């Protein structure tokens, strides 16, 4: 009898232990559900080189702890590679342009030869003279002329920024600034998640590669998305894709937005539209060398809304007209809801300008909160 009693007690204790464990698991599951429901998941989409990864970097600067000294040092190689890619692209394009461009100073020929023959090698190790040669060559009139024609070949947006500071980038004690890190271009391949909180609200931002071969991965991120942030580089109206020289970059972005907007899995997911690289668009419009109507003929007859011109009356009217032309082009794509419950919210952005992104993201937070409440049928 004693043995039987002990056995019953042991069974009872085991059952209680299992019950307690189950309760703990249920509590954890409930907590995870609450955390999941209280988290705003933002999916960053857009064509390659539109500025998506720069937006993520801004979130780190604004809402996390920015970049540590170690992380800044880790970016040095990527920044120097940007510098090398820039000078190699410009020097290499001189002879292939129609008409071709010659160096202004014949003594710079040996510098260009060094760039094309030595600096372009895969195992190049960035000796001190490379940065000196970059700085000298960058001042050559022929190199500058080739740079001005960069829409005729492929050149990273940060080329001028890093070539202007070639000697600084090459200094032994160089530590990148936040602006250097924002400008640095690194190809995004795969899916990267960034978590941050703003006023006790949790955000998960997913950055997905924008090149065509990367887009098949996008569907992996569609589940439980609060909102899509679609990033389009308006300044690329006179440029073609790296992966398809027959396709205009802005037209690719328009087609890409249309495919997202009309996707049957996303008919209830609203889009926050970042019309990005407004700084570069302004520069191109003011320079007057690449006319928008050459690439978008209907721009010739486009008139910006009167209230828009009045609101921006202190700015150059042609720049304002260009901005809102591209805004309206993208809004045309989203004018038909196709039976869905989604909306498009456009914003003019400059991803390398921290204050601009702070302002825009603050404006978006209320929109994102409403989308989140609607998603869980609380609104």
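Using the three backbone atoms N, Cα and C, a Cβ is placed for every residue, glycine included.
Quick look at what Swiss-Prot lists:
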{"type": "DOMAIN", "residues": "38-379", "note": "domain 'G-alpha'"}
{"type": "REGION", "residues": "41-54", "note": "region 'G1 motif'"}
{"type": "BINDING", "residues": "46-53, 182-188, 207-211, 276-279, 351", "note": "GTP binding site"}
{"type": "BINDING", "residues": "53, 188", "note": "Mg(2+) binding site"}
{"type": "REGION", "residues": "180-188", "note": "region 'G2 motif'"}
{"type": "REGION", "residues": "203-212", "note": "region 'G3 motif'"}
{"type": "REGION", "residues": "272-279", "note": "region 'G4 motif'"}
{"type": "REGION", "residues": "349-354", "note": "region 'G5 motif'"}
- Item | Close binding-site residues near residue 53 (Mg(2+) binding site), where close means Cα within 10 Å, chosen from 186, 208, 276 | 186, 208
- Message: Do any residues, 6 or more residues outside the region 'G2 motif' (180-188), come within under 8 Å Cβ-to-Cβ of it, and if so which ones?
- Response: 48-49, 52-54, 57-58, 61, 67, 72, 75, 78-79, 82, 156-158, 161-162, 169, 207-211, 214, 351-352, 354
- Message: Can you tell me the CA-to-CA distance separating residue 188 (Mg(2+) binding site) and residue 208 (GTP binding site), as a whole number of Å?
- Response: 7
- Query: In the region 'G4 motif' (272-279), how many residues does DSSP assign to helix, to strand and to coil?
  - Reply: 2 helix, 5 strand, 1 coil
- Given the binding-site residues 182, 186, 208, 351, which one has the fewest other C-beta atoms within 10 angstroms of its C-beta? 186
- Message: Quick check on the binding-site residues: of 50, 53, 188, 276, whose CB has the lowest count of neighbouring CB atoms inside 10 Å?
- Response: 188
